[in-house]
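The structure under discussion appears below in the form of structure tokens.
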Amino acid sequence: MADKTKVAEQYYAPPPDLGKWESLRIFLWNSETGQFLGRTGSSWAKILLFYLIFYAILVGFFAAMLTIFYQTLDAKMPKWQMEGSLIGNNPGLGFRPMPDSATVESTLIYYRANDKGSVLKWAQVVDDYLEQYRKKGSGSGEASGAENRVPCSPTSSNLGEKQVCDVPVDEFHPCTSSNQYNYEEAGPCVFLKLNKIFNWIPNAYNTTDGLPEKMPEDLKQHIKLVSGKPEANTVWVSCEGENPADVENIGPVQYIPRRGFPAYYYPFTNKEGYLSPLVAVLFEKPRTGVLINIECRAWAKNINYDRYERRGSVHFELMVDRS
Amino acid sequence: MNSRTSSLSSISDLFRPNNPKGLRSRDLSSTRLSALKKEINTDTHLIPLKDLYTLLGTDPVNGLSSQKAQELLDYYGLNTLTPPTHYTVPKLLLKSLCTGFSILIWLGAILCLSAYLIELSTKPDPSTDNLYLGCVLIAVDLICGIFSFFQNYKSSKIMKTFNSMIPMHTTCLRDGILNRNTEVRDLVKGDIIYVEIGDVIPADIRIIESRGFKVDNSSLTGECIAVPRHNTDGSANILESPNVAFFSSLCVEGWAKGVVLFCGDLTALGRVAGLAARLQPAPSPLSREIRRFMRCMSTCALALGIFIASASMILGYPFMQTSIFVIGIVVANIPEGLQPTITASLTLTAKRMVTRNCLVKNLEAIEALGACTTICSDKTGTLTENKMCVRHIWTWNKTYSILDKEFENFLQNDQALNSLKICGALCSNATVVKSGVIRGDASEKAILNFLFNYCDPVTIRKRYPKIVEIPFNSVNKYQISIHLNEEKKTYLLVMKGAPECILSRCVTIAFNNKSISMTEDIKQAVNTTTENLANTGERILAFADCDLDSNEYPLNYPFDTENPNFPVDELRFLGLIGLKDPPREQVRSAIERVRAAGVRVMMVTGDHPATARAVAIEVGIATTPSCHIVTGTELRNMSPDLLYLTLAKHYEIVFARTSPTQKLQIVEACQKQGGVVAVTGDGVNDAPALRRADIGISMGIAGSQVSKQTADIILMDDNFATIVTGIEEGRKIFDNLKKSVCYILISNVPEILPVLMFILFSIPLPLGVMTILCVDLGTDMWPAVSLSHEQAEQDVMARPPRTSDPLVSNRMIRLVYLHLGLIEFAAGMFAYFIVMAEHGFYPSQLFGIRQKWDNVAVTDVEDSLGQEWTYAERKELERACQATYFVAVVVTQMMNCIICKTRYNSIFHVGMKNNVLNIGLIFELILACMVCYIPGVNTFFKTYPLRLRWWFLALPFAALMFIFDEFRKHCIRNHMFGGWFNKFTFY
């Protein structure tokens with residue numbers, strides 16, 4: 001047996017113990033065999049080529065499948081609409097200005113009325129949002145379709161194939177850009193908009209019949225005033241304080257230019273240049289230094305309300321400081 | 001002498017009850033274990049009795065004084081077997097709850113719960129999602145943990161079984177008073193005790209006085225033969241010493257008085273028990289691999305989790321967001337279903353094995369059996385039937401084999417054979433009980449059994465009533481009885497014994513009908529035959545008779561057995577009978593198959609080398625007569641290195657006359673060589689080896705309780721051939737486990753990548769954590785387990801045992817993570833994008849949308865077609881997308897299951913014959929439907945009742961997957977592209 005081991009030793013010597021770093025270095029680059037990370041260059045090249053081909057096929061297949069599928073889609077119109085789609089037929093409300101949604105989960109509009117910077121910050125947010133409403137003239141870039149916009153009124157005749165109704169945001173006095181949307185006056189404007197849902201047509205409360213019980217009194221009065229007139233075809237809007245204290249603090253509220261979203265803006269059919277109608281809510285004299293919870297609701301026969309799921313309503317907080 | 005006594009005292013110190021050296025209990029246990037592994041090293045059975053009395057401070061006439069006995073008892077403890085220190089139940093439970101992936105899942109659960117608590121304290125209406133998820137994770141962990149706990153917690157019943165072998169009371173001499181009811185546990189070293197027939201020896205004793213004392217040492221040697229013990233000089237090896245009787249041996253004849261040499265744990269049996277109970281079996285190859293793989297996966301998951309966590313912290317994400325990332329990464333990375341699948345597959349195989357007479361106690365042992373490289377087989381009872389049988393008969397000039405077909409004719413015609421038959425029937429102490437059961441010595445039983453086939457020994461005995469007898473003893477080595485021939489009214493003397501002993505007393509030899517006188521030639525012939533037969537492992541008995549002259553010995557002649565007044569020389573030699581413990585049927589072919597499968601078979605027995613060699617040759621363990629035989633004595637003088645070398649040098653080895661500790665040494669040496677060792681055995685002496693072996697195999701019928709308790713596998717029919725089935729099943733299950741693991745791992749890829757997409761590309765989460773768990777522990781489970789029902793793809797017995805073929809190889813990882821998994825991921829993402837696009841969110845819109853999307857404050861996220869989505873609507877869409885992704889994974893996994901059915905063959909060749917798998921696929925589909933459509937269930941799992949068309953989105957990808965894999969297997973079969981796929985993806 002001893003002889004055997006001797007013979008074996010002549011042919012085989014155990015590899016010298018190189019230590020951790022040395023063996024790592026050899027693993028990284030073995031100059032003897034030309035191996036890099038344990039493989040030779042040609043081996044790596046083969047691997048690279050194989051995976052290049054394999055992944056090219058996979059990506060190509062994926063892309064091809066997507067392309068084929070896109071043939072079944074309409075570029076202008078969602079495949080599923082209204083109830084057929086998960087979006088449903090119950091639009092929610094949105095408000096502007098919003099705090100930066102990328103960083104915080106907050107709906108608080110807080111500013112100091114006599115701090116120019118603070119005022120400008122919020123005004124800038126609204127300006128940015130209203131930018132698309134101000135684009136006029138022939139389309140270029142993002143404002144394409146602006147030429148389709150025509151002024152509409154409740155009595156105006158049907159729109160053309162490509163025409164959409166204009167939203168004259170510069171006429172929302174005092175909620176105008178030049179006035180910094182009245183933020184400086186400590187009576188800020190908050191813009192409301194109804195979520196766009198393809199092909200959704202409001203079923204407005206245009207008469208006093210069947211007005212829901214919970215509708216605020218002043219809105220009922222307003223509807224009574226316009227009942228029967230063409231301008232009664234409107235998705236009504238109301239903003240109230242959520243809690244009794246908020247109701248006291250909120251002060252008088254004005255809706256500009258009118259108390260809702262006129263029905264002639266609907267349906268939304270993704271026409272080029274379409275603008276979502278806006279209501280600027282002017283809080284004339286909110287109590288300063290306190291946080292006010294405000295809920296705004298949209299009223300129409302086909303808008304259901306659910307506070308928890310935020311159906312047909314929007315919630316935000318307002319806090320104005322005047323130090 | 002001094003050094004020996006001191007080493008003796010040090011080991012006895014170790015087993016004192018009050019923890020002498022102040023060791024921690026675990027340390028003490030392991031120190032005891034290493035002390036037990038050494039052979040018994042003592043000379044107390046060699047020194048003169050007088051010296052022994054002085055050494056032990058006892059007196060053979062009066063025994064110990066009660067006071068001294070009490071002192072010794074206080075110092076050394078009770079004469080019982082000390083159970084080993086084990087993990088306590090809570091500790092073991094805790095350990096099971098924190099192994100493998102569990103820690104990571106705990107981490108996830110803690111993150112979930114703390115996220116929930118934070119939300120609870122900061123928000124008026126916190127969502128309960130995190131609470132649910134945390135609870136589900138904890139439930140998963142608890143279930144898995146308790147599962148593995150029950151698998152690990154095999155309560156140490158071993159010691160209990162040993163303790164049940166010990167008697168309660170014994171007869172002990174103390175203060176000169178004989179107490180018949182001394183409690184055995186009160187015995188101490190130096191006590192003088194008495195044992196008689198039927199008693200179990202209460203400690204290791206050295207015989208002082210005895211008469212006809214025989215003990216059955218089967219508990220230590222495995223040989224079920226009564227051996228005489230008396231006061232004589234001992235032999236060096238205490239286990240073979242004729243003046244020592246051991247704890248737990250049964251006294252089958254006579255009585256004896258002895259002095260206690262060792263008590264409790266220090267007795268030979270105590271050592272065996274201590275070893276068997278304290279030894280921890282080496283982790284099975286499978287569990288080693290699973291542990292390694294789990295550690296790998298956990299490290300990856302943890303590293304990725306920590307990386308993501310720190311990165312998102314640095315990027316300024318709030319804690320909530322970070323914890324969501326980390327939980328997703330951790331849960332997605334872990335194949336939660338792996339452990340349950342493996343356990344379930346093994347359990348199913350174990351159930352199948354039971355129908356084939358193979359009871360599996362330790363699940364992993366099945367797979368280990370498939371990987372087994374060496375089988376150390378006990379001889380008696382395993383390879384042989386442990387029942388003596390007559391194999392050869394020799395009368396003058398002729399050897400008859402009873403297996404010969406014409407044997408019966410010879411028997412009829414040969415007169416000498418008839419005399420031999422009569423002699424065999426008469427000269428025997430075995431008794432025939434009613435219903436044909438024979439009681440007595442093994443060889444006498446065998447002879448009677450043999451005679452029953454050709455004549456009726458009972459009638460013979462009636463015709464020749466027994467007058468007197470001289471029983472067998474080890475000095476005379478023969479047995480004589482005198483019978484009355486009732487017809488002729490003469491006396492017949494019959495004699496049986498060792499051939500050389502009988503032969504020297506014979507002057508004539510029976511040859512057909514006459515007697516011829518004994519010549520040197522005849523004697524020579526007898527000796528040659530004896531030698532030849534002995535070499536084949538047979539035990540030879542010679543028979544002689546003598547018709548006593550009726551004149552000299554008239555009726556009622558007073559025969560005196562103390563001083564024989566009748567001729568015991570000048571007899572007539574009748575013939576020889578060769579007895580043998582025959583090998584079981586099928587053993588030979590079984591060993592042939594095992595060896596063809598590349599498994600080495602060694603024999604490790606307590607029997608004599610010659611017998612061992614003969615059996616080894618007969619059953620095919622040794623193929624050449626010159627096979628290497630190592631005896632216990634040689635082994636004792638071998639250094640571990642030499643043993644190692646011997647094992648490496650000789651392929652066919654027979655170990656004979658081995659002690660229980662030596663069996664253990666052999667097993668450990670084989671394991672040190674890197675082998676996976678199976679040990680078969682049936683006796684108590686095999687227990688340590690059975691315990692230590694990777695697979696301990698015990699015999700269900702003949703096996704002792706202890707061996708069954710320590711074994712991993714029990715052969716219910718005691719059939720060695722069942723081991724072959726076991727190896728086959730073990731190898732098959734390993735191949736199939738590979739498929740299962742591959743299948744499970746593949747679904748990991750489409751789980752991890754969406755989470756990464758969510759984090760890196762800020763798209764809405766394509767697959768929720770709940771749905772990940774749903775796939776891992778729900779839909780994947782049955783198909784994964786059903787893969788274990790696949791037929792073997794090739795002849796598993798035609799290849800050597802796996803040595804370097806891991807369960808999860810790099811090739812599998814490559815195939816899973818770089819090929820098939822990615823196709824599944826593509827399918828899932830495709831489905832996700834489609835549903836999004838159908839609702840208006842085109843893929844380009846989705847990238848970077850996450851912050852807005854997941855922000856509950858934003859009520860108007862605009863899609864590509866100008867529609868604006870509230871938070872609730874978005875989340876509903878997200879659920880629908882996740883459900884579609886989930887369904888895509890389910891559909892591709894179904895295809896994947898079909899793919900994983902084979903590793904090598906084409907699926908067209910194999911077909912879909914596995915009905916368990918087919919049902920599993922349907923089950924997977926139904927389960928997916930249930931998760932999606934049952935109200936309540938779908939809100940819990942965050943899925944959504946899908947449109948029918950969304951179920952088909954993954955089909956093209958499933959087809960792609962199938963085509964790719966068939967192509968891959970085709971290339972593997974034909975070794976195309978220079979064996980590229982073989983090298984890269986053939987797992």
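Glycine is no exception: its Cβ is also placed from the backbone N, Cα and C atoms.
The compositional bias 'Low complexity' annotation in TrEMBL covers B:1-12.
TrEMBL lists B:43-117 with the feature domain 'Cation-transporting P-type ATPase N-terminal'.
As annotated by TrEMBL, region 'Disordered' applies to B:1-26.
Taken from TrEMBL, the feature transmembrane segment covers B:97-118 (among others). Proximity of distant same-chain residues to the transmembrane segment (B:97-118), defined by a Cβ-Cβ separation under 8 Å and at least 6 residues beyond the stretch ends, is recorded for 126, 128, 130-131, 133-134, 137-138, 140-142, 144-145, 148-149, 290-291, 294-295, 297-298, 301-302, 305, 319-320, 323-324, 326-327, 330-331, 333-336, 339.
Non-local neighbours of the transmembrane segment (B:130-150) in the same chain are 92-93, 96-99, 101-102, 105-106, 108-110, 112-113, 115-116, 119, 327, 331, 336, 339-340, 343, 769-770, 773, 777, 940; each lies 6+ residues outside the stretch with a CB under 8 Å from one of its CB atoms. Under the heading transmembrane segment, TrEMBL lists B:130-150 (among others).
The feature transmembrane segment is assigned by TrEMBL to B:296-320 (among others).
The feature transmembrane segment is assigned by TrEMBL to B:752-775 (among others).
If you look up TrEMBL, you'll see B:815-835 (among others) marked as transmembrane segment. With a cut-off of 8 Å between Cβ atoms, the residues of this chain six or more beyond the transmembrane segment (B:815-835) that come close are 742, 745-750, 753-754, 757, 766-767, 843, 846, 877, 880-882, 884-885, 887-889, 891-893, 896, 899, 950, 953-954, 956-958, 960-961, 964-965, 968, 984-985, 987.
According to TrEMBL, the transmembrane segment annotation covers B:883-904 (among others). Same-chain neighbours of the transmembrane segment (B:883-904): 735, 738-740, 742-743, 746-747, 750-751, 754, 766-767, 771, 774-775, 779-780, 783-784, 786-787, 790, 793-794, 820, 823-824, 827-832, 834-835, 910, 912, 914, 917, 920-921, 924-925, 928, 931-932, 938, 942-944, 946, 950-951, 953-955, 957-959, 961-962, 965, 969, 972-973, 986-987, counting only residues six or more beyond its ends whose CB sits under 8 Å from a CB of the stretch.
As annotated by TrEMBL, transmembrane segment applies to B:916-936 (among others).
Sequence-distant neighbours of the transmembrane segment (B:948-967) (same chain, 6+ residues past either end, Cβ-Cβ under 8 Å): 819-820, 823-824, 826-828, 830-831, 834-835, 884, 887-889, 891-892, 894-896, 898-899, 906-907. Under the heading transmembrane segment, TrEMBL lists B:948-967 (among others).
Beyond its flanks by at least six residues, the transmembrane segment (B:296-320) meets 100-101, 103-104, 107, 115, 118-119, 326, 329-330, 333-335, 759 of its own chain at Cβ-Cβ distances under 8 Å. Under DSSP, the residues of the domain 'Cation-transporting P-type ATPase N-terminal' (B:43-117) split into helix, strand and coil as follows: 44 helix, 1 strand, 30 coil. Residues 132-133, 136-137, 140, 308, 312, 325, 327-329, 331-333, 336, 825, 828-829, 832, 836, 846-851, 853-854, 874, 878-879, 881-883, 885-886, 889-890, 893, 931, 940-943 of the same chain sit 6 or more residues outside the transmembrane segment (B:752-775) yet have a Cβ under 8 Å from a Cβ within it.
Per-residue confidence over the domain 'Cation-transporting P-type ATPase N-terminal' (B:43-117) averages 82 (mean pLDDT, predicted model).
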